[in-house]
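Noted in TrEMBL for the protein shown:
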DOMAIN    1-97  domain 'Laminin G'
DISULFID  Cys70-Cys97  disulfide bond
DOMAIN    98-134  domain 'EGF-like'
DISULFID  Cys124-Cys133  disulfide bond
DOMAIN    135-172  domain 'EGF-like'
DISULFID  Cys162-Cys171  disulfide bond
DOMAIN    179-363  domain 'Laminin G'
Amino acid sequence: MNGSTWHVIKAGRVGAEGYLDLDGKTVTEKAKAEMNSLDTNTDFYIGGVSSLNLVNPMAIANEPVGFQGCIREVIINNQELQLTELGAKGGSNVGDCDGTACGYNVCRNRGECVVNGTTFSCQCSPPWAGNTCEQSAYCLNNLCLHQSLCVPDQSSSYRCLCTLGWEGRYCENKISFSTAKFMGNSYIKYIDPDYRMRNHHFTTVSLNFSTTETEGLIVWIGKAQNEENDFLAIGLHNQSLKIAVNLGESISVPVIYSNGTFCCNKWHHVIVSQNQTLIKAYLDDNLILSEDIDPHKKFVALNYDGISYLGGFEYGRKVNTVTQEIFKRDFVGKIKDVFFQDSKKIELIKSEGYNVYNGDEQN
C-alpha cells in the first residue's frame with residue numbers, strides 16, 4: 001500500500017450472502033438476518049461522508065476516518081459513477097489524482113493521452129479518431145441517410161441503423177408497416193400524448209408478439225433513466241413470460257409464468273393491467289396472474305412520464321444494465337396490435353426508433 005499500485009475491489013451480495021474480492025482473491029460471509037432484500041435507495045458516498053458521525057458503528061472496527069488515496073472506475077450495478085463536478089451531487093476536499101490534464105480514461109477506446117501544458121491530446125489506435133478517440137474512422141465519411149446511425153462492424157467497414165420507416169444498406173428505401181420486426185438491436189420509443197390527463201392509478205397494455213428466442217424485453221413502460229423510476233415491464237426469461245412492476249421504493253416485483261412455451265414464431269396475445277397495486281395478466285385470453293403486490297397500498301400510481309419502449313432501448317443502452325438484470329437482452333421477433341390505455345391502436349411507424357423492419361411479410 002505504497003500509493004503507486006492500483007487495486008481492484010469488488011463487493012456485493014446475493015440474498016443474505018455477501019462477498020468481497022481484492023485483486024482476484026475472494027471471501028464470502030453469510031449474514032444471520034432473516035431478510036433477503038437490501039434497500040439502498042440513498043445517496044452514495046465515495047471516500048468519506050459529510051459527517052463522520054453518520055457512519056454506523058457496526059460497519060467499522062476503529063474510529064471512522066476518511067479515505068486518503070485515489071479512487072476511480074466506481075461501478076454500482078453495472079453503471080459507472082461519474083466522479084466529476086458534473087456527475088456528482090456534491091463533495092469537498094477532492095483533488096485531481098493524476099495531477100495532469102490526462103485523467104483516467106479521458107482518451108476512449110485505448111487511445112493514448114499526451115499532456116500538452118495544461119491541455120491534452122489523444123493518439124488514437126485504428127480504427128478510432130476524434131478529439132478523444134470516440135469516433136470510428138469508418139463512420140467519418142459514411143453514407144447513412146435519413147438520420148440513421150452509423151455503427152462500425154468487425155469487417156473494417158460500417159452499417160447503418162435506420163430510423164423507423166426506412167431500410168436498405170444506407171437506409172435509402174422508404175417502407176411502411178403495421179407489424180414491427182425486431183432484430184435484437186432494435187427499439188421503438190412511444191410517447192403517450194395523453195399522459196397528463198391519465199389516471200396513473202390505472203394502466204393497461206395489450207399487444208401480440210411472436211418469437212423464436214427464450215429471452216428478450218417486449219415492453220418497458222417507464223422512463224428507464226435510473227433504478228428509482230417507476231415501471232411496468234413484460235418480457236421473456238428462460239422461455240417463460242416475465243412481468244415486473246415497480247410503483248415506488250425501487251423494489252420491483254417480478255412474476256414469472258412458466259406454463260407455456262414461446263417458440264416457432266407462433267403469435268401470442270398478452271394483456272397486462274395495473275389497478276393501483278392489483279396486477280392482472282392475460283395470455284391468449286387466459287388469466288395467468290392476479291396479484292396484489294402491496295396490500296398496504298403505500299404506492300398506488302405508475303408514474304411513467306408517458307414513455308414506453310418496445311423491444312429494447314436506445315443504441316448503446318444494454319437491456320440487462322438498464323433493467324437491473326430483470327431482463328437479459330433485446331427482443332428478437334415481431335410485435336403488432338399494440339394498445340395502450342385505450343381502444344386506439346398505436347401506429348408504431350410514427351414513433352421514434354431504430355433498426356425496425358417490416359414484419360407484415362411472412363418471413
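Placement of Cβ uses the backbone N, Cα and C atoms for every residue, glycine included.
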Counting every protein chain shown, other Cβ atoms within 10 Å of the Cβ of Cys162 (disulfide bond) number 27
What residues in the same chain, six or more past the boundaries of the domain 'EGF-like' (135-172), come closer than 8 Å to it by Cβ-Cβ distance?
-> 126-129, 185, 188, 315, 348-358
Among the disulfide-bonded residues listed here (Cys97, Cys133), identify the one with the smallest other-Cβ count within 10 Å.
-> Cys97
Going by C-beta under 8 A and a gap of 6 or more residues, the same-chain neighbours of Cys124 (disulfide bond) are Cys107, Asn109, Gly111, Gly130, Cys133
Position of peak Cβ density within 10 Å, selected from the disulfide-bonded residues Cys70, Cys171 = Cys171
Model confidence over the domain 'Laminin G' (1-97), as mean pLDDT, sits at 83
